[in-house]
Amino acid sequence: MPETRTQRLLANFRHSLAYIDALPQLTLLGLIIGLFTGVIIVIFRLLIDLPLSYFLDTRPDNFEAMPTDMIWLLIMGGTIPIAILLHFAGKKRSQTGVSHVIDRLHNYQGQLPTSNWMVQFFGAALCMLSGQSVGREGPAVHLGAGVASKLGKWLNLPNNSLLTLIACGVAAGISASFDTPMAGVIFAMEVVVLEYTVVGFVPVILASVMGTMVSQLVFGEASNFKIGPVDMGSLLELPYMIVMGLAISVCAAAYIKLNLGAMRLSKYPVALRVIVAGLLTATIASGVPEVMGLGYDTVNAIIVGEVLLFSLLIIGVAKLFLTPVVIGLGMPGGVIGPLLVVGACLGGVLGTFFDAVFPNLGASPGFYVVLGMAGMMAATLNAPLAALVAVLELSYNPNMIFPAMLVIVVSCLSTRQLFSLDSIFTEQLRLTNRLPEEGPANSALRRAGVGSILDKKVKPCAQIHDYEQAKLLLQDKPRWIIIENEDKKFALQAADLAKYLEEAPVEVLSLEKDIDLMDIPGRRHRLHPIHETATLYEALKAMRAKDTDMLYVARHRSPLISDVFGLVRLIDIENFYQPKEFRKA
C-alpha cells in the first residue's frame, strides 16, 4: 500500500528531528507539550486545592487549624489508600519523581511508562490531600516529562529528540506548579537533562511560557510566596552570609543522608513502609502541624516575621527530619517544596541571631529567609543557577542576586567538598545503581539520531542472480548491496560487484552459471537491525554488543512487512564526534 501525503510529511518530520539542529520542529513540539502539561498540572492542582479549600476553611494549606484527632484521621485516611495503591502497583511501577525521570531519560531513551505516571498522579494527589509532608514540584516534573514521552511515542519520534522534549515537559510542569517559568527552564537543563545547549533552550523556554500561561489563566498571577521589599543592610553582613552558607550545607547534607537512609529500607514491603511513614507523620504533626502539606503558608508567615524563634527551630527540625524520611520510605511526593520550608526556617533562625548580635546592621526580616530558601534548594539539588533564578522570580528584587550568589556558592561547595555529596537525585540514583553514564562523547551521541548519518544508497536483493539481474542491481547506482540470506543480512560494497561483473568469467557472461553474491571477491559486513528512532549512542552500544561495524535500519510498512531503509556505519558514528582534522575517510 503506497504512502499517503500525510504519512510522507510525518516521515520527513521525524527524519528532520534526527539532526541536532532541528530547532523549528522542536520549538513547535515544545509549544504543544507546554500547553498539554499546563492543562495536566491545572487538573492536578484543582484535584488537590478544591477539596482542601472546602474542608480547611477556604485555605488549602490551613492544616494548623485542625484538631489532633482530625489530623490523625486525615493523615492515616490518606496513608492507607496510598499503601494499597503502591502494593498493587509493585516495586517497578512505584518508581516516581525526579530521579525516575532522570533514570528513564538517560538510561531508557526517554521512555516513561504510563503505569508509573498514573501512580505518580494519583499517589501524589492522595499525599497532598491527606496532608503528608511532601512537595508538589517533584510530581509536576514527572507528570510533565510523561506528557512529552507519550507524545514522542505516539508520533514515533526519534529518541534523540526526546532529550529536549522531556526537558520541555519538565520546565512546563515546574512553571505551571510553582509559577517560576525561568527557574523551570534552568531546572530542566541543570538537574534533569544535565547539560545546556542553544538548540535545547528555545523550545524549553516556549514550553515553560505555555505552562505558566495555562496556569495563570486558571489561578491568576498570585505568587505562592508573599515576599515584600527585602534588601541587604550593609556589606558587613557578607561574612555572616558565609557562615549561613556553611550552616545550610550541614542541613542539606542531613536532608540527603536521611533520605538515603530511609531508602535503604526498601527490602521491606512498600505498604508497610508507607504505613510507618504515615504514622510518623501523624505523630509529629500532632505537635507540629506546620509540617503538614506544602508549607507555603508557614514560609509566608516566616518572611513577615510572625513566627517566633523557638517555633522556627521546632518547625525546621521537624520538617528536615520528616520529609526526606517519608519520601525515602516510599511516599510518592516531591522534595523541592519542603526544602524551601526548611531553608526559610533556617534563614529565619540565623537572621534572628544576627539581628540580636548586630541590631544596627540587620536587614529586613525576610532577607535571610529568602537566602535560606535559595541556599537550601541549591545545595540539596546541586542546582545553583536554578536556585538563583528562583530567588529573582520569587522576590522580584534584583538586589537579592548578589547576596544570594554568595550563599549559594558557599552552600553548594561545602555540601560537595565537606560531605562528598552530589544532588539528592544523583545520590538516589547511585544508591539504586541507576546512575547514567557520563561523558561528552555520550552526550553528543545522544543528541543525534541514526537518521542523521544514515546511508540510504542501498539495494536489497537475494543471494543468487544471473549476470543480467546482477547488472540491474547497479542501475540506480547504490553504494551498498544488501544480501538477504535466509534470516541473515550482509552488506557488500556495490563497487565490488561492479568490479566482478567487469571481469566475469565466460560461463557467467553466457548465463550458464549464476552469481552467488556470498562467493564473489569483496568484504561482506554482517548486519544487525536497529530501530529508526534510535540515537547514535544506542547504535554504538548495539555495535559493541554484536561485535559489528554496521547496522541496518528497517522502515515498517505494516506490522509484518519492512524494507531496509539504510545503513549506519561505525566510522560515521566516530566521525560524528571527532574534530574534522581527525576524521577518517
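Backbone N, Cα and C atoms are what each Cβ position is placed from, and that goes for glycine too.
Per TrEMBL, transmembrane segment is recorded for 26-48, 69-89, 196-218, 238-258, 270-289, 301-322, 334-354, 366-392, 399-419.
If you look at the transmembrane segment (366-392) against the transmembrane segment (26-48), you find fewer than three C-beta pairs under 8 angstroms, all six or more positions apart, and that falls short of contact. Proximity of distant same-chain residues to the transmembrane segment (196-218), defined by a Cβ-Cβ separation under 8 Å and at least 6 residues beyond the stretch ends, is recorded for 20-23, 26-27, 29-31, 33-35, 37-39, 41-42, 45-46, 144, 163-165, 167-169, 171-177, 179, 181-182, 184-185, 188-190, 447. Residues 97-98, 124, 133-141, 237, 240, 243-244, 247-248, 251, 255, 259, 294-296, 298-299, 302-303, 307, 309, 312-313, 315-316, 319-320, 323-324, 327, 361-363, 365, 367-377, 380-381, 424 of the same chain, all 6+ positions outside the transmembrane segment (334-354), place their C-beta atoms under 8 angstroms from a C-beta of that stretch.
Put simply, of 69-89, 238-258, 270-289, the stretch with the most CB pairs closer than 8 A to the transmembrane segment (399-419) is 238-258. Tertiary neighbourhood of the transmembrane segment (270-289): same-chain residues 63-64, 66, 68, 71-72, 75-76, 78-80, 82-84, 86-87, 91, 94, 131-133, 314-315, 318, 321-322, 325-326, 329-331, selected by CB-CB distance under 8 Å and a gap of 6+ residues from either end.
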